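Input: a single structure, listed below in structure tokens.
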Amino acid sequence: MSGDVEQVAGWVRDARQIALLSGAGMSAESGVPTFRDAQTGLWAKFRPEELATEDAFRANPQMVWDWYAVRREMIAKVEPNAGHLAVAAFQRRHPNRLTVVTQNVDGLHQRAGSPGVLALHGNIAQDKWLDAPGDCCTHMEPVAGRPPRCAKCGNMRRPAVVWFGEMLPARELQAAEEAARRCDLMLVVGTSGAVYPAAGLARIARGKVVVVNPHASELDDAADVVLRGTAAALLPQLLEEGPG
Ligand code: APR
């Protein structure tokens, strides 16, 4: 274990309250592509404004629906990695000591067994109505299709994720800000720190901030320690009970 990893593992042992802010890199070793990694990131191949905005969906609902369908299928086939599992195991051993705040819509923290995950950007496995549902929408089965629609008013179903330009869910964001303000330690894992308000949580953290990322991120300047490594390799070292 390197000196820095050892030091952070000591901070973990001493911390009463830990907040873990995760991004797409947390799931990279499960086989879920990140967004901004050069070449491999989704945004290297697709234009977010053409796929992850309400306007894009209204302009071309089938294309957007199909793109999410492909991601859903891919995510359903992967498993939580050693990083997700180490976090969930720590939470089982130490209830109410670690809060998971994630930008990920893949549900892998939840599938690893982490309780009370604050999913700031929603969940790709769920749908919701695009427009406020009328009685017709809620009382009849939507007509199958890509996307499914209300048989009466044509209201469309959409992935229950937060698109660019949309507000984050208020309850989750408020709870995440509270977790940041009361933490003794914040682990910032696998995020480029490019997207706000999620990235802002690392800047309001009361405790020490540790970035876990194999590459430089926009939150390195907010960190007390930067660990250049991967989530699946480092989190087990940081969170597993040391000797004695
Ligand atoms: N372990 C840890 N970090 C990793 C790993 C890994 N195995 N592999 C890559 N990373 C790092 C990358 O270096 C990068 O800094 O993960 C980060 C992923 O950054 P992004 O692709 O920008 O993803 P994220 O920060 O989660 O994006 C934020 O933007 O596109 C929107 O809504 C989407 O939630 C997403 C938000």
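Note that Cβ sites are derived from N, Cα and C of the backbone, with glycine treated the same way.
TrEMBL labels come from automatic prediction, so no person has curated them.
Residues or ranges marked as active site, proton acceptor by TrEMBL: His121. According to TrEMBL, the substrate binding site annotation covers Tyr68, Arg71. As annotated by TrEMBL, NAD(+) binding site applies to Gln103, Asn104, Val105, Asp106, Gly190, Thr191, Ser192, Asn213, Pro214, His215, Ala231. Summarising the annotation, TrEMBL assigns domain 'Deacetylase sirtuin-type' to 1-244.
Gly190 (NAD(+) binding site) carries neither a helix nor a strand DSSP state and counts as coil. Filtering Tyr68, Arg71, Val105 by Cβ distance to ligand 1 (under 6 A) retains none of these binding-site residues.
A gap of 20 Å separates the Cα atoms of His121 (active site, proton acceptor) and Ala231 (NAD(+) binding site).
In this entry, NAD(+) is bound by Gln103, Asn104, Val105, Asp106, Gly190, Thr191, Ser192, Asn213, Pro214, His215, Ala231, whose most widely separated C-alpha atoms sit 22 angstrom apart. Straight-line distance linking the Cα atoms of Ser192 (NAD(+) binding site) and Arg71 (substrate binding site), rounded to a whole number, equals 20 Å. Of the recorded residues, Pro214 (NAD(+) binding site) and Tyr68 (substrate binding site) place their C-alpha atoms 27 Å from one another. Following the DSSP three-state reduction, the secondary structure of the residue listed as 'active site, proton acceptor' is coil. Each of the binding-site residues Gly190, Pro214 was scored by the other Cβ atoms within 10 Å of its Cβ; the lowest score goes to Pro214. Across the structure, Gly190 (NAD(+) binding site) and Tyr68 (substrate binding site) are spaced 22 Å apart at their Cα atoms. Summed and averaged per residue, pLDDT over the domain 'Deacetylase sirtuin-type' (1-244) gives 94. Cβ neighbour count for Gln103 (NAD(+) binding site) (all protein chains, 10 Å cutoff from its Cβ): 23.
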